[in-house]
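**Q** The structure follows.
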Amino acid sequence: MAEYTRSISFYGREIDINIGLMAPQAGCGVWLTSGETSVLVTATRQAGRAGVDFLPLLVDYEERLYAAGRIPGGYLRREGRPPERATLISRLIDRPLRPLFPEWLRDDVQIVATTLSVDDKVPPDVLCILGASLAIHSARIPFNGPVAAVRVGLVKDEFIINPTYAEIEAGDLDLVVAGCADGVIMVEAGANQLPEKDVVEAIEFGFEAVQELLKAQQQVFADLNITPVELPPPPQNEELVAFVAEHAQEEIRSVLRQFLDKTSREQQLEAIKAKLEAQIQARPEGDPLRLYLLENPKELDNQFKALTKKLMRQQILQEGVRVDGRKLDEVRPVSCRVGLIPRVHGSALFNRGLTQVLSITTLGTPGDAQELDDLHPVDEKRYMHHYNFPGFSVGEVRPSRSPGRREIGHGALAERALVPVLPKEEEFPYVVRVVSEVLSSNGSTSMASVCGSTLSLMDAGVPIKAPVSGVAMGLIKEGDEVRILTDIQGIEDFLGDMDFKVAGTRAGITALQMDMKITGITVDVVEKALLQAKAGRDYILDKMLEVLPAPRPQLAKTAPRLLTFKVDPEDIGKIIGPGGKMVRSITEATGAKVDISDDGTITVSSSVGGQAEAARAMIENLVRRVEEGQVYLGKVTRIIPIGAFVEFLPGKEGMIHISQLAEYRVSRVEDEIAVADEVVVKVRSIDHKGRVNLTRLGISPEEAARVRNHHP
């Protein structure tokens, strides 16, 4: 492809598009630059593999630290496993693209977005979505796009398109909206307890901005004479379709109307499918349908699922009844328990239907904060939420692996939902980690993790501003007929058109994530879903607060105790000491852990009472300004003919002249004191070089008793 360039003016910024300069052997390489943020997005298609019955789409976002002028740490000095943020951006790019590919496409498709440079203003993620849409079309891959995305911020009650990092940090909303010609196709947001109406306005504002990027892409395609590539659906075996409908339709409908639990329903559906398979196998060897299934063994399963999907959707659309008997806006039974696990700092077990999540809270010190080594300006996290999804939670046998993209994404969503209600560091200096263990899954485990996290934090005594609950909303849409479902279970997620996760407090929304399986919905449908979700969230929150109405007034006995105080930043070196000698000695002497910030904030933690106070006293003694007349308890370190040296503060010595050892005349210093003796001394004078002269004279019994009693 010949090199093509174009520049788009978009909300006060230029977006420079270059197609064809880079990655000539990829299907297409698109290089986009906005400000000093630059990304390369490639799209490549490869002939499908035999036996694949799904779209093998792979989306990878690659961060290179050279983009920020940095060299990676570690022995190898190169990037290793993608950081969590890269995984989240990969998912963010994937989610608006996937619904727009023909569902029958079986070719391998890979999108790779590489950040080449970043500035401190333009986040690369939404730029990558634009680049992916351009690359897919330019590579002549079947795709029902174009698609584009924008970020919407809210600063001082004003919506901003594609805000800078600073504006995102200062604002109350961080919303990404993706859309295509048919409507909104993806939403992801974190918000500071925003009312539903404000969020809807933000989505509408963002969707209007998306239209400009869609028009710009159409102009690019017109310039390059690129037309959409059509991929007609593969022909169906009409005999198989008719056979499945004739022999299974009424039985499937009967199962769906029995309002069974997940396990019973799946067992009965599997029995119906097995009977179909047996009927076909009983046919003569030369029977066309039997031969067809020998060549296409997955087609019976595909047609059975398609019929089940059709009947479930008909039941919801025509009768307003779901497969478990619930109304469209009804939440499954909710139950909660807290404080189940001994020794941990906080725990909660949250049940909603057959979905069960155990959330456990751990409180740590500032030194336990997670250091982030990526291209984002934020370099550490004080709150971490980790989500685990073992095979047994869905009755499967599979080996345990490191967290996959789904687990990372669900964990991050639940984390985002709680961040707006966490106390400020000045009020609660602990680093907090919550782990949500999915013990049973039948839909919406991420929102169950939000509810479990809230209760676990409250059980741990974390003074959150308000409790947060979450619910997943679904959608069934056929033509103009639309039904919104509250608290979807697994089958409704799998066979439905939308998974819209909404989390928030009574005051407003804290996190959103909407994924579509169809090519977009209107903002009106989004608004209805949010309002219906509000009722569901409030119902769940009521159930949670029946168990634990407020954070516990005290931390768990096993939680570390923290003391926080400030010192002059110039004194930090004294506290650390050469090679960390002094701070290590404090830890060894007291058993407390010491964390030091660059601004002079000292946090001392201990699990045993008195340790933190002892460490604080030692630190305060280290940085205390020595003044004449102050009285100390010191230790004799060495003796010379004319006197003795006494360490009266850690690392600080002064000399007692022989004439200041006693009220009477002392002939030999050794006759009065010895090395390692503890002595009460007073600062007599400090000379121009900072040398301290001490005395044992003129100290009252009360002063001596005071320093002995308060010495750590």
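Each residue, glycine too, has its Cβ placed from N, Cα and C.
When I checked Swiss-Prot for this same protein, it listed these features:
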| type | residues | note |
| --- | --- | --- |
| BINDING | D493, D499 | Mg(2+) binding site |
| DOMAIN | 560-619 | domain 'KH' |
| DOMAIN | 629-697 | domain 'S1 motif' |
**Q** CB neighbours of D493 (Mg(2+) binding site) within 10 A?
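**A** That number is 18.
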**Q** Using Cβ atoms only, which residues of the same chain lie under 8 Å from D499 (Mg(2+) binding site) while being at least 6 residues apart in sequence?
**A** A472, M473, G474, I488, D493, M514, D515
**Q** Averaged over the domain 'S1 motif' (629-697), what pLDDT does the prediction give?
**A** 92
**Q** In the three-state scheme derived from DSSP, which category covers D493 (Mg(2+) binding site)?
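**A** DSSP call for D493 (Mg(2+) binding site): helix.
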**Q** Could you count the residues of the domain 'KH' (560-619) that DSSP puts in helix, in strand and in coil?
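**A** Helix/strand/coil tally for the domain 'KH' (560-619): 30 helix, 16 strand, 14 coil.
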**Q** Per DSSP, what is the residue tally for the domain 'S1 motif' (629-697) in helix, strand and coil?
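**A** Helix/strand/coil tally for the domain 'S1 motif' (629-697): 6 helix, 36 strand, 27 coil.
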